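Asks: The structure follows.
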Amino acid sequence: MSQGRYSQVGMTGGQQPVSLGQGCHFKGTVVHELGHALGFYHEQNRSDRDDYLDIFMNNVQKGMETNFAKLEPKQNLLLTPFDYDSIMIYGNNAFSKDGTSVTMKAKNGQKLLDPYHKIGMTASDIKRVNMMYNCK
């Protein structure tokens, strides 16, 4: 895993490698990957995501399905309400087979933006960090 951008989901102890490949240095992308290092999964992976999103797996690139896999309730911490603007959610066309097909849609009609279009964490993201690490 030496190319592209990635981070394993953290809060496991020890070192936490984060990769930011060439062309992946948008502020929102960096914050997104650091979110993984802190212990965040994607917002679209939450166990309650079907209440908030429609996922169109038939439009997802082969090999990218895990970006849309729903977690079991025991795998994720639902510390705050679903956040359509979270740095940890992808955009409507993320990992689309053809680059334009919708892979997920907000049930409330809100346009979903990719992390690189965002400037940082939302208030909800920050609250989750504080809760996960017992910060006040």
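Here the Cβ of each residue, glycine as well, is placed from N, Cα and C on the backbone.
In TrEMBL, annotation is done automatically, which means it is predicted and not curated.
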Asks: Suppose a student reads TrEMBL and sees H32, H36 listed for Zn(2+). Which of H25, H42 should they find annotated at that same site?
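Replies: When TrEMBL describes the Zn(2+) site, the candidate it includes is H42.
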Asks: Using DSSP, break the domain 'Peptidase M12A' (1-136) down into helix, strand and coil residues and give each count.
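Replies: Across the domain 'Peptidase M12A' (1-136), DSSP assigns the residues as follows: 41 helix, 14 strand, 81 coil.
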